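Peer 1: The feature domain 'Major facilitator superfamily (MFS) profile' is assigned by TrEMBL to 11-416. Annotated transmembrane segment per TrEMBL: 21-41, 47-71, 83-103, 109-138, 159-177, 183-202, 233-250, 270-291, 298-319, 331-352, 364-384, 390-411, in sequence order.
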């Protein structure tokens with residue numbers, strides 16, 4: 001029993017810490033969207049420059065499904081450890097390129113092209129991350145506590161959101177605004193580059209679960225099995241992911257929204273992701289409740305809550321943009337985001353059998369994020385520019401909540417069942 005607990009504990013640490021570092025590298029781009037846009041995408045219009053920066057941010061998500069296919073298949077054929085080690089190496093490569101790439105003023109058109117390639121590498125890496133991480137967590141976990149352990153994945157995403165916001169806040173407080181725009185933003189990427197070896201070391205010490213070792217890894221490519229036998233599951237899962245990813249990337253986009261639309265200082269605006277990330281650290285609590293009261297019921301509460309609270313929370317902030325109102329509004333949104341997303345990883349894992357689980361999760365999540373999440377900042381920026389109303393962000397979140405609610409209600413709840 002002790003060895004089993006140690007195995008589960010090691011898996012949780014490897015998946016969680018590595019996942020947090022991985023997502024930090026990916027999401028820090030959104031925190032510094034404005035200075036990155038000025039450095040690599042100069043334009044006569046600030047809106048055009050920002051949109052180009054966010055489109056490049058979104059391109060990383062287009063690359064995700066390809067990473068899901070390649071790295072997910074590697075995880076299902078060779079093992080979760082090898083795939084997770086490769087994802088963190090690729091993410092570090094993309095992060096290093098962004099940190100060191102000269103700006104448009106020095107190398108011209110080559111600068112945005114290099115940044116685009118770096119985001120593609122990061123997107124490819126992220127595409128295989130969640131499948132390997134979640135599969136590792138659920139396959140080591142006891143059936144009665146699967147929701148608890150799977151929720152560590154979302155907790156680590158919350159940790160990365162908090163960490164990226166905290167690093168951005170420190171940089172914005174320590175440096176003049178002009179220095180942040182010129183070179184200070186690069187420090188955040190250097191931080192991610194320096195801590196990547198920690199995640200790699202932890203993951204190389206990981207052992208695959210007995211459930212995975214005993215499963216059949218032969219036969220056809222996992223992606224063929226997923227597309228032939230589980231395509232309906234993938235489509236439904238993508239709609240479940242919609243609210244998960246839209247809420248997450250609204251949080252990542254929030255510093256730009258608060259600074260540009262509400263005219264708050266950069267240091268104040270970074271309180272948004274720090275607040276959301278802090279709330280998401282309580283994911284294991286909701287994951288444990290989902291084990292007891294069933295995942296579907298918990299997710300319904302989260303989706304309905306987000307649909308209801310989105311408008312009043314953002315309206316409250318927009319009416320008088322102060323740091324106190326910012327924190328209060330983001331806590332209101334983050335609580336229901338927590339309730340919805342904490343059980344979601346376990347739900348995705350329970351949709352697929354062990355021999356194709358990493359591929360199925362990665363493809364479902366990556367397609368959902370690519371279609372609904374990756375371009376969220378660009379869509380919101382365009383909607384606000386078109387309507388002239390910052391409250392458009394709330395309507396976008398509420399619509400996503402209603403669509404995902406309908407998808408969740410169609411799923412069979414597999415809480416407590418043995419994994420196939």
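Glycine is treated like the rest: Cβ placed from N, Cα and C.
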Peer 1: How about the transmembrane segment (183-202) and the transmembrane segment (233-250): do they have 3 or more C-beta pairs under 8 A, pairs 6 or more apart in sequence?
Peer 2: no
Peer 1: Which residues of the chain, 6 or more past the ends of the transmembrane segment (109-138), have a CB below 8 A from one of its CBs?
Peer 2: 11-12, 14-15, 18-19, 22-23, 25-26, 29, 36, 39-41, 52, 56-57, 59-72, 74-75, 80, 83-84, 86-88, 90-91, 93-95, 97-98, 101-103, 146, 149-150, 152-153, 156, 206, 208-209, 212, 345-346, 348-350, 354, 357-363, 365-366, 419
Peer 1: For the transmembrane segment (159-177), give me same-chain residues lying six or more residues beyond its boundaries with a C-beta closer than 8 angstroms to one of its C-beta atoms, as numbers and ranges.
Peer 2: 16, 19-24, 26-28, 30-32, 184-185, 187-188, 191, 248, 251-252, 255, 265-267, 270-274, 276-278, 280-281
Peer 1: Tell me whether the transmembrane segment (390-411) sits in contact with the transmembrane segment (298-319), defined here as at least 3 Cβ pairs under 8 Å among residues 6 or more apart in sequence.
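Peer 2: Since 3 or more Cβ pairs under 8 Å link them, the transmembrane segment (390-411) and the transmembrane segment (298-319) do come into contact.
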